[in-house]
Amino acid sequence: MRVIEVDNYDEMSEKAAELILEKIKENKHANLGLATGGTPVGTYRCLIKDHTENKTSYKNVQTFNLDEYIGIDPDNPNSYHSYMKANLFDHIDIPAAQTHIPNGNAEDLAIECLRYDKMIEEKGGIDLQLLGIGTNGHIGFNEPGTPFASHTHVVELAQSTREANARYFNSLDEVPTHALTMGISSILASKGIVLLASGEMKADAIYELLYGKIDEEMPASALRKHSNVTLIADKDALKKVKGQRSVACGQ
Ligand code: PGA
């Protein structure tokens, strides 16, 4: 795993946007895997700024989001459909038909999961997957204990995840209990992965990711099985690994 240490959230965001833009320049038909949450907002802001100033085009890009809540209307401001429009899609030139997000309101969720994985595969797979990490080590909504072999599936959200996300809702009760998420195996199928972490709250998870066991109880540790992962983390998120950085953090 390549580790890029940056000073703060803004630098993390700029670096992540740089890697995404490199990918689009290399291949204007790039397939991007996208994430939601607080972490990637700054990255999207940088992409929007670049689009405005440098006119980088997304006309041929396809995007695939990691996850969506179950039982929330796509127009609900807390849905990840709304998040993606507000934070990125409405501000760049990507055709709506090329933006893909699991449908948490599908009549048959099992079929929706199969459809989502098949669609990603048929479109050639994901070239670059952007990821955040939960305080409990989740990636996407793959909570501790998720099999590494999992494909897109329905999950019950961990209490800590619902509590962390309650800041976007009026109350904890309103936070959905279930979601659809790309599985660990779907994520590992990406050709390249960029994992972002900012802030002291992520320090334990980053320590475990780099130095803990590769174990299903620590979902992000599966990333150590992948040969092309870049972690961009700020000083606060790397706080616990200071002095240990020379230790190999690959498999
Ligand atoms: P955050 O969430 O970006 O809001 O911290 C990350 C995650 O849960 O994957």
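Each position is counted from 1, following the chain as shown.
Glycine is no exception: its Cβ is also placed from the backbone N, Cα and C atoms.
What TrEMBL records for this protein:
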| type | residues | note |
| --- | --- | --- |
| DOMAIN | 10-229 | domain 'Glucosamine/galactosamine-6-phosphate isomerase' |
| ACT_SITE | Asp67 | active site, proton acceptor |
| ACT_SITE | Asn136 | active site, for ring-opening step |
| ACT_SITE | His138 | active site, proton acceptor |
| ACT_SITE | Glu143 | active site, for ring-opening step |
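Asn136 (active site, for ring-opening step) counts 19 other C-beta atoms within 10 Å of its own C-beta, drawing on all protein chains shown. Here the Cα atom of Asp67 (active site, proton acceptor) is found 12 Å from that of His138 (active site, proton acceptor). Around the Cβ of Asp67 (active site, proton acceptor), 23 further Cβ atoms fall within 10 Å across all displayed protein chains.
Taken residue by residue with DSSP, Asn136 (active site, for ring-opening step) is part of neither helix nor strand, so it is coil.
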